[in-house]
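First up is the structure itself, then whatever we jot down about it.
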């Protein structure tokens with residue numbers, strides 16, 4: 001009996017417990033991302049680091065910090081080309097190993113050139129991780145859990161960000177290079193957790209079935225369902241049927257990248273969906289989050305006029321507030337839907353940046369009145385994070401996974417992540433110089449972007465909450481000219497459209513009546529590799 005139990009996959013875990021462990025792995029990857037995103041905000045104002053790097057000016061500081069984002073962009077682009085053939089798990093492990101090498105190189109850096117190379121290597125690994133973890137999470141999670149789990153992983157991204165702020169604040173009282181080398185080296189703790197957990201967890205059932213490994217994919221669906229489910233259970237047969245049907249339709253109509261660039265994408269709405277998914281990531285950066293995520297201590301020092309220690313402390317306190325309020329997003333994500341959350345958040349953030357600009361225009365550290373204006377501006381930096389944490393932290397990572405078709409999900413998520421990193425690079429590169437040269441006027445740029453995104457989302461973005469991943473495929477097949485969503489209620493309503501629910505019931509009844517899915521097997525479908533080497537006609 002003991003020998004039989006030891007051979008059970010996933011240490012005998014099924015259902016909720018197995019879903020939770022997949023979430024632990026994906027969440028750890030995103031926590032590492034958040035930690036890495038926040039740690040340099042404290043390091044860039046550390047005297048020992050600046051002395052070791054030869055006291056770089058604001059332009060070189062921006063380059064050291066922002067070239068990490070170029071590495072992330074490269075990692076996301078590599079994912080587009082190679083990840084699909086390896087699967088979600090293997091590609092995530094590759095990313096973790098590369099990121100660990102980069103962390104070791106950063107920790108041992110003594111020159112600007114060494115640090116830049118190390119930042120680039122770390123970025124490549126992180127770009128691979130952040131392109132893969134949300135896809136793996138979404139393809140293993142139950143539909144009712146999917147949005148919450150991905151938003152929770154982004155909440156833990158904030159937890160990593162908060163941890164890095166408190167660690168750099170605490171070590172700011174320590175002299176010597178340990179004050180900045182240790183926070184960088186601490187990234188390896190997350191890498192170890194990932195390398196211990198990911199190898200024994202299940203591969204995406206959608207990826208397995210799409211690559212002709214139907215028996216393995218079905219076994220994973222059974223394990224993830226739990227509660228005594230078998231390969232012949234109606235809910236398993238229905239899930240498998242949905243995936244096979246989506247794969248069949250996509251493979252029959254799936255264009256190559258060359259065809260996409262020439263606009264030959266059939267009736268799948270593929271280009272529109274790629275643009276919408278990438279657009280959420282561009283918007284996430286252009287709402288101005290990384291003006292403060294990477295540089296909040298610097299912003300509070302240079303724009304508000306606070307001391308180094310107080311700037312670090314307030315940045316760390318802000319990260320806790322950011323973390324606490326982000327849990328509201330976990331509650332709202334399926335109730336309010338993706339569209340409303342993004343619109344509400346952008347509107348609130350626009351107001352915050354308008355008030356920050358106005359208050360900073362009157363702030364100075366020499367008079368009581370000027371200090372009061374500075375304190376007011378600091379308050380609205382905190383309020384900005386409340387809006388962003390609730391509304392914008394998770395949705396841009398979830399939306400590209402949901403809006404893209406099965407055959408384009410990895411590429412679509414990677415393209416969206418690449419968009420995030422290239423826009424991130426632009427923001428992070430210009431921020432130190434923008435603060436130095438424009439002062440309070442710099443924040444008006446982000447106010448304008450936030451205000452512009454409200455009507456953009458209202459007009460163009462379909463709702464993806466409370467849908468199966470395959471529902472979006474049906475929406476675009478049935479509405480091939482869909483661009484403005486307001487003319488199609490199914491595209492913008494928060495609730496799942498009734499006809500999709502009815503179709504599921506009909507399929508389940510058919511399965512119960514016959515015991516066999518109607519559309520046959522995925523074995524009759526061409527492989528991904530074969531299709532990717534063919535031209536779309």
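Quick reminder: no glycine exception, Cβ is built from N, Cα and C everywhere.
Annotation source TrEMBL lists domain 'Major facilitator superfamily (MFS) profile' at 22-465.
Per TrEMBL, the feature transmembrane segment maps to 20-45 (among others).
Feature annotation from TrEMBL assigns transmembrane segment to 65-84 (among others).
As annotated by TrEMBL, transmembrane segment applies to 91-117 (among others).
Sequence-distant neighbours of the transmembrane segment (145-166) (same chain, 6+ residues past either end, Cβ-Cβ under 8 Å): 19, 23, 26-39, 41-42, 133-134, 137-138, 183, 190, 293, 312, 315-316, 318-320, 322-323, 326-327, 329-330, 333-334, 389, 393-395, 397-398, 401-402, 465. Residues annotated as transmembrane segment in TrEMBL: 145-166 (among others).
Outside the transmembrane segment (178-201), and at least 6 residues removed from its termini, the chain residues within Cβ reach (under 8 Å) are 10-11, 18, 21-22, 24-25, 28-29, 31-32, 35-36, 39, 42-43, 46, 48-49, 89, 92-93, 96-97, 99-100, 103-104, 106-107, 122, 160, 164, 167-168, 171-172. According to TrEMBL, the feature transmembrane segment maps to 178-201 (among others).
Away from its own ends, the transmembrane segment (313-333) comes close to residues 38, 41-42, 147-148, 151-152, 154-155, 158-159, 161-162, 165-166, 169, 296-297, 300, 306, 341, 378, 381-382, 385-386, 388-391, 393-395, 398, 465 of its chain (Cβ-Cβ under 8 Å, at least six residues beyond either end). Per TrEMBL, the feature transmembrane segment maps to 313-333 (among others).
According to TrEMBL, the feature transmembrane segment maps to 380-400 (among others). Remote same-chain partners of the transmembrane segment (380-400), defined as residues 6 or more beyond its termini with a Cβ less than 8 Å from a stretch Cβ, comprise 30, 130, 134, 138, 146-147, 150-151, 153-155, 157-158, 276-278, 280-281, 283-284, 287-289, 292, 296, 299-300, 318, 321-323, 325-326, 328-330, 332-333, 338, 341-342, 344-346, 348-349, 352-353, 355-356, 359, 412-413, 415-417, 420, 461, 464.
Note on the transmembrane segment (443-461): residues 276, 279-280, 283, 286-288, 291, 338-339, 342-343, 346-347, 349-350, 353-354, 356-357, 360, 399, 434, 483-486 of its chain, located 6 or more positions outside it, place their CB under 8 angstroms from a CB of the stretch. For 443-461 (among others), the entry in TrEMBL reads transmembrane segment.
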*Apart from its near flanks, which chain residues at least 6 from the ends of the transmembrane segment (20-45) lie with a Cβ under 8 angstroms of it?*
10, 13, 61, 64-65, 68, 92, 96, 99, 122, 126, 129-130, 132-134, 136-137, 140-141, 149, 152-154, 156-165, 167-169, 172, 180, 183-184, 186-187, 190-191, 193-194, 197-198, 201-202, 290, 293-298, 301, 308, 311-312, 315, 319, 397
